[in-house]
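Notes to accompany the following structure.
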Amino acid sequence: MPKISIHEALFFELLGERCDDDTLERRLRSAKAELECSSFSVREDKEGGSLSPGGEVCDPVQRTRGQASCVREGAFDARLLKIELNDTNRPDLWSTAGLARLLRVHAGGASRAAQYRAFLSDRCTVRDSYGRCVVVDARLQTIRPFIAGFVARGAGLSEVRLWDLIQTQERLASNFGRRRCTLSLGCYRAQDICWPLAYRAVLLAEVSFTPLGMSMPLSGEQILTQHPKGREYGHLLKDYSFVPLLVDARGEVLSLIPITNSASLGAVVTGDTELFIECSGTDMCAVLVAVNSLACDLSDMGMQIEPVQITYSFDTPWGRSVTTPFYFQEKREVAHEQIDRLLGMPLTVADITEAFARMDCAVQVKQGTYVVEPAAYRNDFLHAVDLIEEVMLGRTIDRFSPQVPRSFTVGRLSDLTLLTRKIKHLLVGFGYQEMIFHYLGSAREFCTRMRCTADDLIEIENPLTESYRFVRRSIIPCLLSAELKSAHALYPHRIFEIGKVAFCSPHGEHGTCTQQSLGFLNASQEASYNEVASLVSGLLYCLKLPYQVEEAQDPRFVLGRQASICVHGSRVGIFGEIHPQVLSNWDIRMPCFAGELDVGALLP
């Protein structure tokens, strides 16, 4: 779970009041957080460098690609609060301003939603960017297509606030951005930027500028091999012919995204009064949430937020022109009866609307249904249960009385779990390695690449991204995705997974069926149909299950080199040689044999 260190004085300034540790611990429950330590000091190293809260020497250039080395943490004597957040769905709480905002509003403080709306654009309203524009190169659509940003103006940055901004950017890029894979952030000196900006795709050989922490220009190749951040994150660009470069109207480089900023425009220092904050990545929703969150944070700190227009050369979910910060969240609904039933106590309309207000959510009541409008810095409402949880947190957990369970039962492992564990041990003994995959994916992975139709695929009603739109109905695509990324590893590759698959079925209780499935894959030049058939035979022999094989015609496998597995008179699985077209679709060049079994169907 995320752990954050925040500057105590800044936190209480933004909270609007001071409180002791016991009171703070109690109030943190509304954020599903715990106070771990409150007596931490930031101190200066003997050599003049700065020490982080953990005690190691810190070079702020290494913290994030948007700050300069003039941030000397040891220059201020600080008491830090170390807080553990027990929820990864609220990146807006990973900053001092965001956490203070929640606790302040939860305690009855006024919401600043109207203040935020002054700089937020949406589907119907576009704020004036006054000529501040970023033009996105069409070639970036398959590399790192999305970018968002804004300009923040205000009083000069203090060392404490700049240190906090560095921490927030690093947490968002490392955790929410999956170590800059999904998104990364940069901070620049806006007063030195000449608009409009160009977000270009360029050849690595064409890149040359002085990066942060360096005193002389480096080529693109040198940045990836010699700069600390290039060595750490260069792998994110290695598979592309072009790399993303952000430049201004004069051709001055702001950043080689997502590696490092330039030492000129990207060297933010204490006392700066104008900042340009940008976020780029592969997930547009994540990029917009991160930018909205930072804009609201800096607005809470008293800075004026000014929008930036992003002009795309390709279609995006919100068009080819998006002015950011941008409010894109959808309204969610929950019935009063659902809230009472799940929380186990009757609540009035006033109780529920007050609870939503304390969580900074706007709400309308329509015929017993609550229509909730999430805050601009949130995108974690996926289901009605999420809204009911907001009511619980808004009323505080202490107001719910614990209940003793009415029935007493003795737990034990189910027959399916015991069988699953036995199969895992057997496959490891056969030389296979266990894998664990996501249950969600895209139609391209589950259908197009597998030469299958989407007839019985289960589609998520409100997916966050296209990459997680469908529930898997087979484990074999997941195994092939692992093989795609493992071409550099020594062969043979023998992998398996036992996990859930789901598909539409008229025989299911809700029109769907979920089953425990075993998927296995063997990739090597020596792999053969006989080897996989021997694996199936050995596995079922050890399970003491008689079986038969029958001819199959599955488009995923080569015709004539595949077979169905029948146990107890029913078809329970299939195995065979993966079709060459499927391998080509996955860009796999090694022959692969795979199979899949319904584990539940093996039970007597």
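Cβ from N, Cα, C; glycine included.
Keep in mind that TrEMBL annotations are predicted by a computer and have not been checked by a curator.
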Same-site residue for Mg(2+) (record: TrEMBL; known: ASP386, GLU389, GLU390; options: ASP380, ASP398)
ASP380
ASP380, ASP386, GLU389, GLU390 excluded, remaining Cβ within 8 Å of their centroid (Mg(2+))
ASN89, PHE381, VAL385, LEU387, ILE388, LEU393
Would you mind splitting the domain 'B5' (327-402) into helix, strand and coil residue counts from DSSP?
33 helix, 14 strand, 29 coil
Cβ neighbours of ASP380 (Mg(2+) binding site) where a neighbour is any other Cβ within 10 Å:
17
Across ASP386, GLU389, GLU390, listed as binding-site residues, the smallest other-CB tally within 10 A is for ASP386
